[in-house]
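Accompanying notes for the structure given below.
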Amino acid sequence: MGRLMIAVLLCVMISQGFCSGVFELKLQEFLNKKGVTGNANCCKGSAAEGHQCECKTFFRICLKHYQANVSPDPPCTYGGAVTPVLGSNSFQVPESFPDSSFTNPIPFAFGFTWPGTFSLIIEALHTDSTDDLSTENPDRLISRMTTQRHLTVGEEWSQDLQVGGRTELKYSYRFVCDEHYYGEGCSVFCRPRDDTFGHFTCGERGEIICNSGWKGQYCTEPICLPGCDEDHGFCDKPGECKCRVGFSGKYCDDCIRYPGCLHGTCQQPWQCNCQEGWGGLFCNQDLNYCTHHKPCQNGATCTNTGQGSYTCSCRPGFTGDSCEIEVNECSGSPCRNGGSCTDLENTYSCTCPPGFYGRNCELSAMTCADGPCFNGGHCADNPEGGYFCQCPMGYAGFNCEKKIDHCSSNPCSNDAQCLDLVDSYLCQCPEGFTGTHCEDNIDECATYPCQNGGTCQDGLSDYTCTCPPGYTGKNCTSAVNKCLHNPCHNGATCHEMDNRYVCACIPGYGGRNCQFLLPENPQGQAIVEGADKRYSYEEDDGGFPWTAVCAGIILVLLVLIGGSVFVIYIRLKLQQRSQQIDSHSEIETMNNLTNNRSREKDLSVSIIGATQVKNINKKVDFQSDGDKNGFKSRYSLVDYNLVHELKQEDLGKEDSERSEATKCEPLDSDSEEKHRNHLKSDSSERKRTESLCKDTKYQSVFVLSEEKDECIIATEV
């Protein structure tokens with residue numbers, strides 16, 4: 001019943017455009033002679049002598065599904081309505097009303113199959129104001145009338161009269177199908193159409209009736225011209241016959257011969273089968289006399305025996321060179337005893353006089369005394385001679401010798417066995433069929449064998465149930481064991497309950513199937529997961545272990561962030577160390593060069609950046625400029641213009657001085673060693689560079705780096 005109510009409520013919510021029928025309630029007459037409510041109070045005014053109670057009556061209608069005990073409470077599963085004030089104490093309900101929102105009869109549209117039963121509640125209520133039509137106040141109730149009925153679909157109105165303690169209500173009702181809906185429950189939809197998708201009208205029960213010239217399930221197949229070849233012809237509209245390629249004719253039953261074929265025929269398109277007496281590719285060559293002149297008559301066969309000669313093979317009953325003479329089989333008078341002979345083609349027939357019979361009337365006739373009638377036939381003498389037999393039912397023939405076989409026309413359908421009776425026949429139907437000729441398939445689904453919401457599919461002498469989830473068996477009566485396939489993991493125990501399963505997890509696991517490893521749980525706590533939520537025998541933990549998952553994600557993020565910070569720190573340290581090494585190496589190189597040259601010349605220059613250089617194309621007094629600049633650095637300034645004057649023998653002196661300088665100021669030993677090896681191994685490169693610098697008219701200045709010697713042009717800033 002609960003499922004029925006849910007289905008009904010859903011159907012009531014469907015748009016009115018999808019209705020299949022309408023329940024109509026027509027209010028006709030209401031009597032409330034005293035003008036009182038249900039609690040015997042006067043609606044309005046005073047019940048004192050000489051005064052009349054006056055009510056303003058309106059109605060509340062509630063249409064429900066069939067209930068053994070009708071309840072007036074909501075919901076009104078089939079629909080509800082509240083009328084405006086229709087009258088006073090006693091009145092007849094008009095069919096029209098100024099308020100266009102109310103019509104009489106009152107319609108209740110259905111969007112589903114009419115079940116055939118209903119429950120109806122009609123409440124008459126009083127109001128002080130026509131604008132106040134609330135129905136919650138029980139003091140307004142004048143009367144309540146309830147009924148439940150069976151109702152078939154039809155145009156005829158059913159009358160009813162409800163009599164209460166002080167009131168009477170006369171009304172009528174019916175259920176009619178919407179347009180294009182048919183059947184007992186208005187569940188058959190059929191809309192006539194005459195377009196590409198069908199050409200049909202609808203019968204009284206909603207069956208499709210094809211228009212003239214159309215056939216098929218939905219009348220979409222045109223009926224071609226009668227006689228149109230089914231294989232070689234077709235049609236797009238009724239009454240026509242279009243030929244397929246290779247065929248022609250009114251009925252498309254003539255094949256098209258090979259182009260140019262003159263005296264030939266075809267069995268298939270594009271053939272040229274020569275007629276007798278003709279040959280060649282196009283059957284245009286005359287081969288014999290028989291073909292030219294056709295001398296043989298009366299259907300005889302002509303055979304060429306040479307040029308200008310032939311032989312005719314005559315059909316029975318004919319003779320002569322050209323079979324032109326018909327043979328008379330009666331010429332020998334074969335009929336005896338006065339029988340009359342009739343010449344036929346290659347035979348004859350004798351018409352015997354009374355009292356004789358046989359092919360040549362050679363046999364004398366029998367009488368009833370000879371008992372000529374068989375199978376219980378009644379013999380009667382013929383006044384003109386001879387006899388005749390009156391055959392019983394089921395027999396025929398001159399002597400009732402033939403038994404009439406009523407099964408000879410194969411009247412039984414669907415491989416049923418036909419039994420020939422005396423004057424009729426009987427069809428023994430195979431399983432699954434019924435009817436006089438076994439033409440009707442028995443609907444095994446008519447008894448609704450499928451249980452628990454299963455869908456029934458009718459077959460031949462059988463049916464098939466498509467079960468909903470959770471049920472199995474021939475009739476869907478067996479519930480499926482949810483624990484059959486061991487859905488629970490990690491040693492959990494499966495319990496079946498309420499058409500579902502519940503997993504009792506061992507400590508440390510969770511999830512519907514105990515598939516998740518959880519953070520450590522309190523001692524002895526077992527977790528159970530069901531179809532709807534996860535349970536714990538001691539405390540509900542809220543379902544999926546989000547805390548554990550979130551904690552794991554946060555931990556991973558912290559590790560990644562810490563690792564990134566550590567990598568960045570290491571890279572910065574390595575970069576600072578590399579810069580310090582490069583700086584120490586450059587300073588050491590400049591100091592070494594300064595020490596070597598300061599012993600010969602006491603000169604100093606300012607070291608300037610490449611971006612600050614200004615070329616003035618003249619020689620510069622580095623000694624005076626150095627004094628002017630007045631740099632007081634821990635490193636002696638170098639006159640790079642004098643570097644090219646260094647001799648090869650000065651290199652050894654430079655090495656010894658560098659070792660002494662190292663004692664005073666520690667440098668990176670690796671950078672020092674690289675520079676010493678570079679000076680010793682690249683002497684040839686240095687000589688080439690010195691030569692290049694000598695030729696530079698701007699008195700170029702260069703520094704010997706770790707990688708290679710370069711010329712740097714120094715100019716005044």
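Placed from the backbone N, Cα and C atoms, the Cβ positions cover glycine too.
If you compare Asn69, Asn475 in Swiss-Prot, the N-linked glycosylation site annotation sits on Asn475.
Disulfide connectivity taken from Swiss-Prot links Cys400 to one of Cys391, Cys412, namely Cys391.
In this structure, the disulfide-bonded residues Cys202, Cys290, Cys335, Cys407 were compared by how many other Cβ atoms lie within 10 Å of their Cβ, and the smallest count belongs to Cys407. In the shown protein chains, 19 other C-beta atoms lie within 10 A of the C-beta of Cys418 (disulfide bond). When Cβ atoms from all protein chains are considered, those within 10 Å of Cys488 (disulfide bond) total 24, not counting its own. Applying DSSP to the domain 'EGF-like 6' (403-439) sorts its residues as follows: 0 helix, 11 strand, 26 coil. In the three-state DSSP classification, Cys368 (disulfide bond) falls within a helix. A straight line from the CA of Cys407 (disulfide bond) to the CA of Cys379 (disulfide bond) spans 28 Å. Under the three-state DSSP scheme, Cys290 (disulfide bond) falls in the helix class. Note on proximity: of the recorded positions Cys190, Cys467, Asn475, the one nearest Cys219 (disulfide bond) is Cys190, by Cα distance.
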